[in-house]
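Novice: Dumping what Swiss-Prot says about this protein:
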| type | residues | note |
| --- | --- | --- |
| TRANSMEM | 19-39 | transmembrane segment |
| DOMAIN | 19-210 | domain 'ABC transmembrane type-1' |
| TRANSMEM | 65-85 | transmembrane segment |
| TRANSMEM | 188-208 | transmembrane segment |
Amino acid sequence: MDFIGAYSQEHLAFLWDGFLVTLYVAFISIILSFFFGLIAGTLRYAKVPVLSQLIAVLVETIRNLPLLLIIFFTFFALPEIGIKLEITAAAITALTIFESAMLSEIIRSGLKSIDKGQIEAARSSGLSYTQTLFFIVMPQALRRMVPPIVSQFISLLKDTSLAVVIALPELIHNAQIINGQSADGSYFFPIFLLAALMYFAVNYSLSLAARRLEVRQT
């Protein structure tokens, strides 16, 4: 194990660049997947004729596919039908598709957890279905959904490492390149240990934030 060689200024800067790409891809994917997941989950909860059924089929299909397969599809299959995405866009698209399906189910379950008595009381007081959904059900449901949503975001951050298969210059990709510069593999343990600590620092911070939010709600 060569810690000194592995942790050279050049290597650390290169690894940090990969970490920034990981955070960027995760951040954009989180925003997009929450947006689409919220729409899909709400429409499934509202049971809009035909549309809800179509979304349910799409969500269940995506949830039962490996994320790696979706990454391959967005990067290698879409160009066959004239849609060519560069590496970062393909990674974000794949993560957004997969995580949107996961989040939509969390959101739908969260909305269903609200007591029907509150909904009936709101409707009897003169509120429309839409008003009841957005002003009574949604605010309460979102508070309950924070812990599982944060957990899903943590999974998303870790899942960015799968984009190494399409050569996204993220943390694991750059760690592999650094490791390849040692003829005897002496960089492997030091460099991947540091990569693991980087993932742990971010994910553990998110976990602590989720726990604190959960405690405040109880």
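Placed from the backbone N, Cα and C atoms, the Cβ positions cover glycine too.
Bear in mind that the values here come from a model prediction, so they are computed numbers and not experimental data.
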Novice: Restricting to the same chain and to residues at least six past its boundaries, which positions have a Cβ under 8 Å from a Cβ of the transmembrane segment (65-85)?
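Specialist: Hits for the transmembrane segment (65-85): 91, 93-95, 97-98, 159, 162-163, 165-166.
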Novice: Report, as numbers and ranges, which residues of the same chain sit near the transmembrane segment (188-208): CB under 8 Å and 6 or more residues beyond its ends.
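Specialist: Residues 1-3, 6-7, 11, 15, 19, 23, 150-151, 153-154, 157-158, 171-172, 175, 178-179, 182.
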